[in-house]
Amino acid sequence: MSDYLVIVESPAKAKTIERYLGKKYKVKASMGHVRDLPKSQMGVDINNGYEPKYITIRGKGPIIKELKTAAKKAKKVFLAADPDREGEAIAWHLANMLDLDIHSDCRVVFNEITKDAVKESFQHPRPINMNLVDAQQARRVLDRLVGYNISPLLWKKVKKGLSAGRVQSVALRLIIDREKEIKQFQPEEYWTIQAEFVKGNETFTASFYGVDGQKLELKKEADVAAILQRINGNHFTVTSVAKKERKRNPVPPFTTSSLQQEAARKLNFRTKKTMMIAQQLYEGIDLGSEGTVGLITYMRTDSTRVSESARQEALSYIEATFGKEFVAQEKRKEKKNANAQDAHEAIRPTSAFREPEKVKPYLTRDQFRLYKLIWERFIASQMAAALLDTMSIELENEGVIFRASGSKVKFPGFMKVYVEGTDDQTDEQDRLLPDLQEGETVFSKDIEPKQHFTQPPPRYTEARLVKTLEELGIGRPSTYAPTLDTIQKRNYVVLENKRFVPTELGEIVLELMLEFFPEIIDVEFTAKMEKNLDEIEEGKVEWVKVVDEFYQEFEKRLQTAEKEMKEVEIKDEPAGVDCEVCGSPMVYKMGRFGKFVACSNFPECRNTKPIVKEIGVKCPKCREGNIVERSSKKKRIFYGCDRFPQCDFVSWDKPLARPCPKCGGLLVEKKLKKGVQVQCTACDYEEAPQS
């Protein structure tokens, strides 16, 4: 019989930990939360200090019974849920259900699931931290007060199945505000002039800067004509050469937010997928003879802090692998995020010496890619800065100034391992200039003016929205992925080309929220609420006081909304076709999973169809049908003939209307890592990639 019972959330975590602790310990899983607020009622006693009325989660009865039986047989019970508010709350609920003393040393926490970390944590058990529990409880109660009161109102006034929440409403507002900016944007014309210059056998490009020592913006074609007229011949004098050595420091190791952003940029992962795979790496991977090991530290964190032992191990690895000159000479200072709780370390590998290639045979493709990203970022963060030789020059002809700049890596430093991605995917390669001296003459080979128009701000990607929420102090590491998931499930927004576009339904809900519950969607108010939750965690304020201050004002808003909010009818748009079953006009309707086409004669006729998007291309196979855009079960876009199943043409790449100029075959738009490329499906014809 085991002397000690340890309870964690998941079987994977239980399996890893039990191996480290030995025969005296039995590790069981609670399968997440065991108690929660009821779904069928508010579950918060407003008149009795906002006391939550917790009930056992449906289906958890057998698990609780098993845990109670095991607890009675054990000398001592340890609660080893995750090291955050949610984990502390799970431990507290378990302690209550198992009649454990929350003031006893029953709680153990570890930031990584390795033998040393787990064994060390059992040397220092502690009581349950009620400040952490209260912070989680306050968030849960606030979210219930908002959701349980506003959601039924939306069902009644708009349509069933809608919801409103504190963080999701702010995220929706950011997306819709950006859409308004885009619609209101007025493009402005501007011009650039690029010139190709020759020095000996070398060529380089430079851009127009200004005239007579002053920067000049080219607003219209007449401005360009005046500049070109002023240039006399093709001789340009080098008037300035500036050479500098520039130091480039590595970025810090990952937080939850930066991991989600980088995984989106480099791996094309959605936030939900990133967190799911990170959880697997944290809870433990079977490495064959080494057994099951947690490969990364806890993945919900807003800190870039690294333990001294992990830093020293990384420095040892770097010196042994790359040489002493690649080791960071001094400990880098962390840039503190004003909103960070800093309770944990950054996300890092549990061992610097556990290289990605060594563990690759034991990982799935996606696990390997994410682990490699985390490992490389951490190792790079402890490496020496990169040194770049930079050079900038000015060229002049009759007072017309062109500028060029270039750089060359002198010492790669951390760049030997990792370079952070960017949203616009700028090229990281060297841009070299010839060795030029002031007073030298170079010759212009080609001068090319180009017309441009200013672009509206881009729509939010998942990564950019997470970054914005973090910068505004909205939500916490554990809430980003669920928030983005919820606004998509409710059909408030859709993803088009990996960017968020609000739906008509989302805009209607936001308008109602703006009118009747402005605080809920106010960025500053929501950020202040997050700070209040942090203060509860720090023991600076009582959770009931925070909830009460919010509810007193919220209740007044609620009463007004119930009286004054008018019903909103989402009108059916004509689809422009008749029903093939009964002949009535077909209309667009808004359903749970978005828009669809239905017969206007419902309920007498129940004919419905999914919406298909034509791309203006005839089917290259049957020559009768049209190519339409469709979605696979995994929401991946593909293209097929609208005469399916009579015609089975299908393509993952977007077909184009124009034929191949070489063989007359089908041209398709193939997606690349950095843009698209037009290719022929029948011959080797291809065009230059477009970003």
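From the backbone N, Cα and C atoms, a Cβ is placed for every residue, glycine too.
Note that this is a predicted model, so its numbers are computed, not measured.
Summarising the annotation, TrEMBL assigns active site, O-(5'-phospho-DNA)-tyrosine intermediate to TYR298. The domain 'Toprim' annotation in TrEMBL covers 3-114. The annotation domain 'Topo IA-type catalytic' is assigned in TrEMBL to 129-558. Residues or ranges marked as site 'Interaction with DNA' in TrEMBL: HIS33, ARG139, ARG140, ASP143, TYR148, TRP155, ARG300, ARG490.
Features as recorded by TrEMBL, highlighted on the structure.
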| residue | record | contacts (Cβ under 8 Å, 6+ apart) |
| --- | --- | --- |
| HIS33 | site 'Interaction with DNA' | ILE57, ALA89, ILE90, HIS93 |
| ARG139 | site 'Interaction with DNA' | ARG85, LEU533 |
| ARG140 | site 'Interaction with DNA' | LEU37, PRO52, ALA89 |
| ASP143 | site 'Interaction with DNA' | GLY165, ARG166 |
| TYR148 | site 'Interaction with DNA' | MET42, GLY43 |
| TRP155 | site 'Interaction with DNA' | GLY161, LEU162 |
| TYR298 | active site, O-(5'-phospho-DNA)-tyrosine intermediate | ASP82, PRO83, ASP84, ASN111, GLU112, TYR282, HIS344, GLU345, ILE347 |
| ARG300 | site 'Interaction with DNA' | ASP82, ASP84, THR256, HIS344, PRO477, SER478 |
| ARG490 | site 'Interaction with DNA' | GLY161, LEU162, SER163, LEU505, GLY506 |
Mean per-residue pLDDT in the domain 'Toprim' (3-114) works out to 95
DSSP-assigned states of the domain 'Toprim' (3-114) in counts, ordered helix, strand, coil: 37 helix, 24 strand, 51 coil
